[in-house]
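These come from TrEMBL:
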| type | residues | note |
| --- | --- | --- |
| REGION | 1-27 | region 'Disordered' |
| COMPBIAS | 1-11 | compositional bias 'Basic residues' |
| BINDING | 81, 86, 161, 166 | Zn(2+) binding site |
| REGION | 215-236 | region 'Disordered' |
């Protein structure tokens, strides 16, 4: 789908002879940090598909919004993310995200190179009217959900790198609440619509568990304001009350 070589996540001890790094300090798991958010929105209700909206429209709206917001948060630390400071595209657990081309050849990029490839490809994709149609009467391609899954996997890698390497920068700038809110919203949406596999985000399971524990019980409002048919895509439907990414 994308023109650049595709990437796959691999653990460093499997993909590289470089010795594993020492045990990392996960500041984002500290109690005072993980509780920081800029909104008390109920993300489970927020991501629910409105009854009158097409599923692909909902995916498209969020994919574009998440892309724009991930770009914004990465821009906060982009000057600290250089080929010297971030020579690999790494994530929690010393994971390195690699690119693979169509022939299976793998590429190891520095983090800023990797993010540039992600940004270029996603921007090209969402600007393509045959993939993200904007005109009345146009239809989404049959593989649109798969396209969104690829986009979100790219965006997840960027967020994972930010938490792994640059979280302290966000704390220093007192913007970690924005990052936590974006990541929580992003992951709730992905889990709700099965856009990421568990193996994709296992490197942040501890972070995800901590953030989810701070959210309201998703079963608490079960059955309320929900008259939509009971299907995987439109159950627990409510009207969207705020913008797709609330940071």
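In case you wondered, yes, glycine gets a Cβ from its N, Cα and C as well.
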*Indicate the candidate from 161, 166 with the smallest number of other Cβ atoms within 10 Å of its Cβ, considering only these binding-site residues.*
166
*asked:* Using a 10 Å radius around its CB, how many other CB atoms surround residue 86 (Zn(2+) binding site)?
replied: 21
*Count of other CB atoms lying within 10 Å of the CB belonging to residue 81 (Zn(2+) binding site)*: 22
*Give the sequence-ordered set of same-chain residues, not counting 81, 86, 161, 166, with Cβ within 8 Å of the centre of the Cβ atoms defining the Zn(2+) site.*
77, 80, 85, 90, 111, 112, 115, 162, 164, 165
